[in-house]
Amino acid sequence: MSKGAVMNTYQRFPLTIKRGEGSYIWDDNENKYLDLTMGIATCNLGHVPKIVKTAVENQLEQLWHCSNLYEIPAQQQLADLIVSHSVGDQVFFSNSGAEANEAAIKLARKYAKQTDEAKSTEIVTFKQSFHGRTVATMSATGQEKVQEGFDPLAPGFRTLTFNDRDALESLAENPPCAVMLELVQGEGGVVPAHQQWVQDLASLCQDKGILLMIDEIQTGIGRTGTLFAYEQYGIEPDVFTLAKGLGSGFPIGATVAKQHVSEYFSPGSHGSTFGGNPLAVTAAKATIEHIIEADILTYVEKVSIHFRKELEKLAARYNTIESVRGCGLLLGLAVNVEAKEIITLAREKGLLVLPAGPTVVRLLPALTISYQQIEEALSVLDEVFAEAAKKEATVK
Ligand SMILES: *Cc1c(COP(=O)(O)O)cnc(C)c1O
């Protein structure tokens, strides 16, 4: 199925998803699955959330697209909403995570050039990070497997070690114009940044005039239990980026910046034909409004503690699971077998989970997952790990 006229860039699971509702999806044979992938942390309110659907349907009747050369009130409203619930002051809208990071990279360079001619335009990122697949964001990404075969990389990036004290020293000795990082590395294996390290990094940035840019593309929009993950680290980023969960599945990206940075973008600096399109901003506005009005963040906090506790119990029973890690409902099981093996067994039993690197099983449930659905997931995982253990025993 993945061959043929579509370029062969994805190793696809042998499953065609036809329909989704809340935490469940159905395949083309009407088999039902409990979905703990949510389109990779994208459908945070579950599949086809009614409130977002209704908002988009209303907008569909009115106007699908108009150029950014005209006023788009819903874009203003969404920007106001993001700004009023964050430390940011202004927003640039695009269509994807990579584009949101591209805008952040361009903004940082412009800021550096215009505030001090002599300032470095270099941007520091971290090993095992993931920032996107465009030329610049791939170059920013700290994973060789993403960059392989695509030389020359974009210049102006330096990669340091995540959660590492020496990295801070290197930053102090040779300050770049910005650092960009995820607070929980998602694609890189569900690896949370250490609290103290992040706080030290943030104060170093403050002292040295380095912009602190947080990639919240996977962690944002309630995934970790707060609207943005930076809230849990007691820091204030100068810039942060959003995409995945922002539009409940409608493509949209956002680059949010404080005024002292965003003011360096002026007409002509940056742009996008589709960015902040009326349908996309309507979906995003309905998504954030609902998360706030329905107090979904309080629920995520509660339900994620429960889920994690139960996963720890599972880990205590099966040697295959080395650790449980993550934050909120961005969870990972580090395993000592191939993650793929676990994922396949789970899918065969009606549960969809994801890899995050070769040996981490990533769980990204809807923020609205019920306690009963968590029980259901745990009971499948229990069977899966029992089976995996049996397999290992026969192999050894
Ligand atoms: C998914 C992801 C991106 C890239 O987003 P796209 O929409 O695929 O371009 C960037 N950063 C992080 C942290 C991500 O998880």
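Placement of Cβ uses the backbone N, Cα and C atoms for every residue, glycine included.
In the three-state DSSP scheme, Gly97 (pyridoxal 5'-phosphate binding site) is classed as helix. Per TrEMBL, the feature pyridoxal 5'-phosphate binding site maps to Gly97, Ala98, Phe130, Asp215, Glu216, Ile217, Gln218, Thr273.
As annotated by TrEMBL, N(2)-acetyl-L-ornithine binding site applies to Arg133, Ser272. Arg133 (N(2)-acetyl-L-ornithine binding site) carries neither a helix nor a strand DSSP state and counts as coil.
Annotation comment: TrEMBL describes Lys244 as N6-(pyridoxal phosphate)lysine. Classification of Lys244 (N6-(pyridoxal phosphate)lysine) by DSSP places it within a helix. The Cβ of Lys244 (N6-(pyridoxal phosphate)lysine) has 28 neighbouring Cβ atoms from other residues within 10 Å, across all protein chains displayed.
Per the record's binding annotation for pyridoxal 5'-phosphate, residues Gly97, Ala98, Phe130, Asp215, Glu216, Ile217, Gln218, Thr273 show a top Cα-Cα distance of 25 Å. Note on proximity: of the binding-site residues Ala98, Glu216, Gln218, the one nearest Ser272 (N(2)-acetyl-L-ornithine binding site) is Ala98, by Cα distance. Thr273 (pyridoxal 5'-phosphate binding site) is 19 Å away from Arg133 (N(2)-acetyl-L-ornithine binding site) when you measure Cα to Cα. Each residue contributes its Cα atom, and for Ala98 (pyridoxal 5'-phosphate binding site) and Lys244 (N6-(pyridoxal phosphate)lysine) these two points are 10 Å apart.
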